[in-house]
Amino acid sequence: MEVGSATKKLQCQRIGCNAMFTDDDNPQGSCQFHASGPFFHDGMKEWSCCKQRSHDFSLFLEIPGCKTGKHTTEKPVLAKSVPKHPVAAPTSSPDANAATKDSCSRCRQGFFCSDHGSQPKEQIKQTLNTPGQAEEEKIEPLAPPVQKAVIDINQPQVCKNKGCGQTFKERDNHETACSHHPGPAVFHDRLRGWKCCDVHVKEFDEFMEIPPCTKGWHSSSPDPAV
């Protein structure tokens, strides 16, 4: 008996989903996705559709989608985000600033003044920590070791290795089961890439399609050390 195309497993191409589905099992609301692409600026990663953000790339990819609909194999067309350049505040010359500070009653009395950036010396001294205080702040109690959760070998899990995201069972896991990126993602000068394989592209969808460079075990923990 020939299996129809309706039962063929397909991968959803919506941003933030990537789930496997079939044409005969694709109800409205089964797909949770991001309606528009990401925005990267000053080390911050943000979804432009819902303004959810994170500094950590792995946590950023785990932010759930803000819209629901049907799965699709059509890749979304992403609008290129234009970074917002901060406008520098006007600065006054040192001579002019000194003149205004002399005429300002708050500055002359030693109070903090946001207009002229002065700060009383006593307040500065209080913010400085002595060497003994700094050492005390560094001493923290040791946290108890994290206990690994006991998982059924037949229980489906989602691999958290970067670049993988596949569903697996522990009974089928082995040393070459997972294709992933061991190194961190790198975002610099509007380029996106992986440090482990030194591949960099400009567009986010091209970045997500960079093939993994390493084989290994699937891991359901976002932290390889756990």
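Just so it is clear, glycine is given a Cβ too, placed from its N, Cα and C backbone atoms.
Swiss-Prot lists CYS12, CYS17, CYS31, HIS71 with the feature Zn(2+) 1 binding site. When other Cβ atoms within 10 Å of the Cβ of CYS12 (Zn(2+) 1 binding site) are tallied across all protein chains shown, the result is 22.
Break the domain 'CHORD 1' (12-71) down by DSSP state and the numbers are 5 helix, 20 strand, 35 coil. Sequence annotations record features per position, and here Swiss-Prot assigns domain 'CHORD 1' to 12-71.
Here Swiss-Prot flags HIS34, CYS49, CYS50, CYS66 as Zn(2+) 2 binding site. Other Cβ atoms within 10 Å of the Cβ of CYS50 (Zn(2+) 2 binding site) number 15 in total over all chains.
The motif 'CCCH' feature in Swiss-Prot is assigned to 104-124.
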Nearest of the binding-site residues to HIS71 (Zn(2+) 1 binding site) by CA-CA distance, picking from HIS34, CYS49, CYS50?
HIS34
Let me check the 10 A CB neighbour count of HIS71 (Zn(2+) 1 binding site). How many other CB atoms are there?
22
Could you check which of the binding-site residues (CYS49, CYS50, CYS66) sits closest to CYS31 (Zn(2+) 1 binding site), going Cα to Cα?
CYS66
Write down the Cα-Cα distance for CYS12 (Zn(2+) 1 binding site) and CYS50 (Zn(2+) 2 binding site), rounded and given in Å.
20
Distance, CYS17 (Zn(2+) 1 binding site) to CYS66 (Zn(2+) 2 binding site) (CA atoms, angstrom):
11
Counting across all protein chains present, how many other Cβ atoms fall within 10 Å of the Cβ of HIS34 (Zn(2+) 2 binding site)?
21
